[in-house]
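Engineer: After the structure tokens below, expect a handful of questions from me.
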Amino acid sequence: MKLRLIVLLALLGLAMSEVFQHQITKIKSARRRMREQGTWKDHLARKELKRLYKQQHPKTFATVSQNVNDWEDMEYVGNITIGTPGQPFAIILDTGSSNLWVPDVTCGSGGGDCNTDSGCNQQGIVCELLCDDPNCCSGAKSAFSRVFRKRSGKVACTGKHLFNSSLSSTYQQNGQSWEIEYGSGSASGFLGVDTVSFGAAGTQQLVVPKTTFGQATDIADVFAQDPAIDGILGLAFTSLAVDNVIPPFINAVNQQLVDQPIFTVYLEERGDIDNTPGGVFTYGGLDTKNCGPVIAYQPLSSATYFQFSIQSIGVGSFSSNAGWDVISDTGTSFIGGPQDVISAIGQAVGATYDDQEGAYFIDCNANPGPVTITIGGKQYQLPKKNTVTDAGQGQCFWDFFPFDFGGFGPSWILGDPFIRSYCNVYDVGQQRIGFTTVTASGK
Ligand SMILES: *[C@@H]1O[C@H](CO)[C@@H](O)[C@H](O)[C@H]1NC(C)=O
Ligand SMILES: *[C@@H]1O[C@H](CO)[C@@H](O)[C@H](O)[C@H]1NC(C)=O
């Protein structure tokens, strides 16, 4: 009897102790790609105009959800499959949002996009400024349009993997519409339900049946700048999700498909290299190969983003212990913080802000001390190799940017420079976040 119980438990344990490792790839971000092509400043100018217009005309944009991420900075991609048999997609694994979407096979063919993008209802130059597809705007195109428009929104799906629901035996219709606005462009479409599997086909996948996801029928032209990326997979909480859709990992937790309701992120520092192994997402457990033991857990102050409080930040002669709410965000390649603090830090390390580039630059040979962030009484250090990155043409970025959430929510975005310095353990079940050193075998 006793023996049988033990065997039973062992079997049960075996069936439930599922930990899945997901290799990811580092790619060149759209920002870096556009800088090399010389189109970045135009893109930034248009984006800034659009942002200002929206601030002054909030009523025109009723359905815009707030999202911290700009598509153009995302650098780490992973493979997933959707449907049965699995159709492959390369997606951004983003702890700063909560929806999964990929381009649908009908992407760009509907013609309904002019109606769903509220910017396209505007007249004249305002339409050209705000609408993601200038072909939706009536009348002659201005010089403005020619300067800022490189391509139509309708071709943004070209070259991407497209989801064809007719080819999947497990697909279920939903049909509800969705729209997500990122800083740099929007995506919209309808919802469907199918099996979503984390990891590439042919590897050990985390298979999550009955997952609701977005089938994009329209994606803004900025998405086309990243040929390596099909869509985004949000890993934050349901409360942040557009249309309250349950995010894939939360769905996996709800269906008890993983050992523990946590995932661990290890990001590799690869410099400005395109298409190289970039780290590992471990679902259901810790990453014992690349990450050390957990130094400490910090309770989340809000389980929307992975939001928590930090006590202080300092570098060189600068230090402030004002205390802030921050988020840990794999989808942002820099660290964002309040303007006054960022500019004081920039000054302390000798970095200068370039308005036209929308970025800080620093002498590549400069040797700023580590940036120290205090969380729960423990100090975490971000070394130069994770905060100064190659910007090409002999220039280096200082990986910080001024960020204003508008009075609500977090004050800082701890993006990839932080996560490259410490593995982050996203504990969904206990609503806390843990940090570990990156071990030698992971470096
Ligand atoms: C992802 O899939 C592509 C093929 O679509 C493949 O070339 C690449 O090696 C895969 N990457 C990983 C990390 O599995
Ligand atoms: C989607 O798959 C169906 C079934 O094989 C096929 O008939 C259809 O042409 C595909 N759609 C597109 C746009 O490729």
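Cβ atoms here come from the backbone N, Cα and C positions, even for glycine.
Any TrEMBL annotation is an automated prediction that lacks curation.
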Engineer: CYS107 forms a disulfide with which residue in TrEMBL, given the options CYS137, CYS157, CYS291?
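Structural biologist: Record-based pairing for CYS107: CYS157.
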Engineer: Taking Cα atoms as reference points, rank the recorded positions CYS107, CYS157, ASP329 by distance from ASP94 (active site) and give the first.
Structural biologist: ASP329
Engineer: For ASP329 (active site) and CYS107 (disulfide bond), determine the Cα separation and express it in whole Å.
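Structural biologist: Cα-Cα, rounded: 28 Å.
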Engineer: Least buried of the active-site residues ASP94, ASP329, going by other Cβ atoms within 10 Å?
Structural biologist: ASP94
